[in-house]
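Peer 1: Sharing a structure with you now.
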Amino acid sequence: MSDQHSCSYYIDSHAHLQDPAYDDDREDVLEKVRGELLSFAWVGYDIESSQKALQLRHPQEPVAVGVHPHNATGSLDVLKQYENMYQEANAVGEIGLDTVRSETALEDQLVWFRRQVEIALYFGKPIVIHEREAFPYVMEVLNKYGSIPVPVVLHCFSHGPNEALEALKKDFFISFAGNITYPKADSLRSALKMVPLDHLLLETDSPYLPPQVIRGKRNDPTYVKEVYKKAVEVTDMPMDELCQVICRNFAHVFGISLTFS
C-alpha cells in the first residue's frame with residue numbers, strides 16, 4: 001500500500017444494518033458500505049433481526065444470529081424458531097449480559113446466555129458476546145465450559161488491560177469499536193495496545209457507538225476507518241499490515257474465505 005493511512009480492504013466485524021435506523025436509506029447505505037469495505041458482519045439481536053440479516057447478506061458477509069440480553073425474556077422455547085437459522089448462520093450472537101441498560105433481570109439473562117452458549121457449542125458455531133459492566137459474570141459462565149472449542153469474540157470491548165489479559169488467557173478474540181477514539185478512553189487504548197495481533201478485531205457496532213468525528217450521529221460501517229486510524233496510532237503499526245491482520249482474523253472467526261491483495 002502506498003498510503004500509510006489507508007487500505008483497500010477494510011473489515012467491520014460487527015454491524016446491525018438490518019436495524020430500523022436504516023429503514024429510510026438502507027439500499028444507499030449498503031451500496032456505499034459494499035463499495036468501501038471488503039466485508040462486514042451482520043449481527044442479530046432477536047428473531048426478526050436475525051432473519052433479516054440472513055435475507056439481506058451477500059456472499060462473504062457473515063451473519064450471527066441470537067438473542068441480545070435486552071431481549072432475553074419469556075420462554076426459552078422461542079429458540080426453537082432459530083434452529084434452521086443456526087445451521088445457515090456463521091455464528092451465534094450477539095448474546096451475553098448487560099447490567100447497565102437492560103431491563104431484564106440478570107438471573108434471566110444468565111439463563112438465556114448459558115442456553116445460547118450451549119447451542120453454539122452444539123452446532124460448532126463461533127460466539128459473539130455482548131457484555132456491559134458484566135465482565136466477571138460473563139467470564140464465570142464461560143469458564144464453566146473449560147476450553148471452548150469455537151472462537152469467542154468479546155464485541156465492543158470496554159475495559160482495561162487486566163480484563164483483556166483475562167480474556168486472552170481463554171484464547172478469546174477482542175473487538176474494539178469507535179469508543180477507542182473518545183478522548184477519555186485511555187484505559188481502553190492501553191488494552192488495545194497489549195492485544196496480540198492474531199486475537200484482534202475492529203468494528204463499528206453500527207448504527208450505535210459512532211467514533212468521535214461523528215459522535216451523536218448515526219454510525220455506519222464506513223466509519224470503521226476511524227477505528228483503524230486510531231488503532232494504527234495506538235499500536236504504531238502500518239495500516240496495510242493492520243488490514244491484513246484483521247482480514248485474516250475475521251475470516252478465521254467466521255469461517256469464510258476472503259480475497260484481497
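Backbone N, Cα and C atoms are what each Cβ position is placed from, and that goes for glycine too.
Here's the feature list from TrEMBL:
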| type | residues | note |
| --- | --- | --- |
| BINDING | His14, His16, Glu94, Asp205 | divalent metal cation 1 binding site |
| BINDING | His130, His155 | divalent metal cation 2 binding site |
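Could you give the neighbours, burial and distances for every feature on this list?
Peer 2: Around the Cβ of His16 (divalent metal cation 1 binding site), the number of neighbouring Cβ atoms within 10 Å comes to 25.
The DSSP secondary structure for His155 (divalent metal cation 2 binding site) is coil. Non-local neighbourhood of His155 (divalent metal cation 2 binding site): Ser13, His14, Val43, Gly93, Glu94, Val128, Ile129, His130, Glu131, Ser175, Ala177, Glu203, Asp205, each in the same chain, at least six residues away, with C-beta under 8 Å from its C-beta.
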Peer 1: Three states by DSSP: which one describes Glu94 (divalent metal cation 1 binding site)?
Peer 2: strand
